[in-house]
Amino acid sequence: MLDIKLIRKAPEECETRLRKKDPLISLQPILDLDKEIRHLKTETEALQSQRKLLSNQIHKAKAQGEDVSSMMDNVERISQDLAKLEPLLEQKESTLQDMLVRLPNYPDEDVPVCPDKTGNQVIKQVGALPTFSFTPKHHVELNQKLQILDFKLPAKTSGSGWPAYKNQGVCLEWALLTYLLNKQREHGFQLWLPPLLVKHEILFGSGQIPKFDGQYYRVEDGEQSLYLIPTAEVVLNGFHSQEIFSEKDLPIYYAAFTPCFRREAGAAGAHERGLVRVHQFHKVEMFAFTTPDQADQAYEKMLAVVEDILTELQLPYRLSLLSTGDMSFTASKTIDAEVWLPGQQSYYEVSSISQCTDFQSRRSETRYKDNRGKMHFVHTLNGSGLATPRLFVAILENNQQEDGSVIIPEVLRPYLENQEVLLP
């Protein structure tokens, strides 16, 4: 959420920055409503002050046996006026709050301005693309011999976009996840296995709703609704909502393994069949709480973790700085790590590392007290470390052999009893 004080102070600058993400944004309705609210507040507070003063005068006059009927009439009139003004003020403040929470975060100055992903800038490319003496297969075709995934049986129980791992596929998936968690621990992240269901206000705090309400799976639980998390970012951010850190305790680095659930996956085309876009998947998520001065270092740390993993897995990858039109609602800056998938003949995102400044912490009311005792909102950062479906696909497609077997990356073999090859 954005700071209304900054919008008041520099409305044109704020609007210019926001329009880099959404050219249709206008701050004038917010400014007009804010001005009206401040006028109503002044009027309301003046009446409340008058009523309090009169009440004190009535109390003293009664003690002296004086007639207070005129003052009582004035108190009644003021109370009637307040009975109209106070609900109106509350309603307008609620409307302003709703308008503010629908504004995206400001993009950083170095973020390329473009309405869509065509403006993304490749800032680094690592590893040569694999060459094959045969026509490489898509992972769905490889699976016909390997039998490590099943798409038909889960479709009977859950619909399309809900694949199942089986046989050696289960072992490879868990080897990958164990390896990822070990890498997070090596880099100093605290590990978590958090809840998969969260309250409405926790989704709000991370910036997922109200703008994207309806895109998440909801579970009715008596009087309240709970939501299946789209990413562990939601719950990790929510762990410290309405809390105050001491500056000396920052930065804090968390990493969590969870299944993730997303409704929009069904929009995939035929070229994205299989594991490329699904409703449920496994992901290790990194999250950090920092001071503003620590945020850049935390960003570099997360990026280093991702590059370390992709390098050890020996997968060709690139880093892309996302344009304003391809960034998330909450991010001020995002770099995507993308691996090469021969079956798609394209790079696909396996990690997004985002700085969110104080955008989420204002919604979650997560602050810290500096060494002088002054309160500030923390900065938050998040990044996939990593999501496994496309990583799984990348391992299969980049390491496939002509006979349909797949060479297992060396760093995963200790988790697979030193198995070197997936055999059909």
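Each Cβ is built from the backbone N, Cα and C atoms, and glycine gets one as well.
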Candidate from Glu173, Glu285, Glu300, Glu312 that Swiss-Prot assigns to the same L-serine site as Thr231, Ala232, Glu233, Ser384:
Glu285
Same ATP site as Arg262, Arg263, Glu264, Glu349, Val350, Ser351, Ser352 according to Swiss-Prot: which of Val278, Val378?
Val278
In whole Å, could you give the widest CA to CA gap in the L-serine site formed by Thr231, Ala232, Glu233, Glu285, Ser384?
9
For Arg262 (ATP binding site), the closest of the binding-site residues by C-alpha position, picking from Thr231, Ala232, Glu285, is Thr231
Candidates Ala232, Glu285, Ser384 (binding-site residues); nearest Cα to Arg263 (ATP binding site) turns out to be Ala232
Pull out the binding-site residues from the set Glu264, Val278, Val350, Ser352 whose C-alpha sits within 10 Å of the C-alpha of Ser384 (L-serine binding site).
Val350, Ser352
In angstrom units, rounded to an integer, how far apart are the Cα atoms of Val350 (ATP binding site) and Glu285 (L-serine binding site)?
11
On a simple 10 Å Cβ count over all chains shown, which one of the binding-site residues Ser352, Ser384 is most densely packed?
Ser384
Can you tell me the three-state DSSP label for Glu233 (L-serine binding site)?
helix
